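Annotated active site per TrEMBL: 166, in sequence order. What TrEMBL lists as domain '6-phosphogluconate dehydrogenase NADP-binding' is 2-153. The annotation domain '3-hydroxyisobutyrate dehydrogenase-like NAD-binding' is assigned in TrEMBL to 162-277.
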Ligand code: NAP
């Protein structure tokens, strides 16, 4: 099967490599120049339109606006009738609906397939993929998702379901990060080491994956992405839009969105989103500030 791939960022490059390893012919485009040896076996093409000359094309671009610019505004949907487009980015529910309609009008298959898992998980081909779209479109591309994933969660024929589920997952991880940080504020104030507090909560009430993974980052104060705070803020905004669309305001969502907004405003947009926990623990500042300052002073 001839596969196109658009967007060789942290996630996309790992996914494209795994498609090659699975024996597929992958033609990929990225806005910035990508070194061939960073994506072995992937054929790099000059234009996004070249990646659309395929049986199926993945897009793993940052957000709605970039997909609109690279795919819709460039008229790519008209260039490849019969192709199935798999959008693995985290995008808005409203944009997923628009994409579904536009692909149907252009005679293309469309599958929303946002993913759970960070770049290291993508590199191991162990993502959880949330897939939704017309049954025949999902069936056609399912073999392509296998080398990328631990499990494909099929969420039905309405693509927006996958996007709403993905936004809900990220919203809940952000809430878990903030919850742990606020727990640390209370417990460190009486001298309890954060590692000991996390051992307690992981061994009793909160043994889930999000708590496990982000408690380690909060303990180590390690903020290399991972998942960039600026992209996490984008997702909280998309979750807010989705809740506003149904006339609801979600107070915990508002709080974590504000926390990420502060982190990005403080200049930490390129750091991991768990930087938000550090800012809460330190009352609005972050360890990363002193790191940045000492780097600048050298
Ligand atoms: P990333 O490393 O920042 O990559 C973003 C990609 O979008 C790059 O290929 C970038 O090209 C491209 N891009 C950005 N602006 C563009 C523009 N104006 N025109 C053309 N291309 C543009 O981000 P990522 O971490 O791979 O995330 C990609 C998507 O996956 C996002 O929707 C994110 O929310 C989602 N996601 C991320 C994670 C994670 O842990 N990282 C996990 C699950 C889902 P350049 O190389 O030229 O900048």
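Every residue, even glycine, has its Cβ placed from backbone N, Cα and C.
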Residues of the domain '3-hydroxyisobutyrate dehydrogenase-like NAD-binding' (162-277) by DSSP state, where helix covers H, G and I: 84 helix, 2 strand, 30 coil
Other C-beta atoms that fall within 10 angstroms of the C-beta of residue 166 (active site): 28
Average model confidence [pLDDT] within the domain '6-phosphogluconate dehydrogenase NADP-binding' (2-153): 97
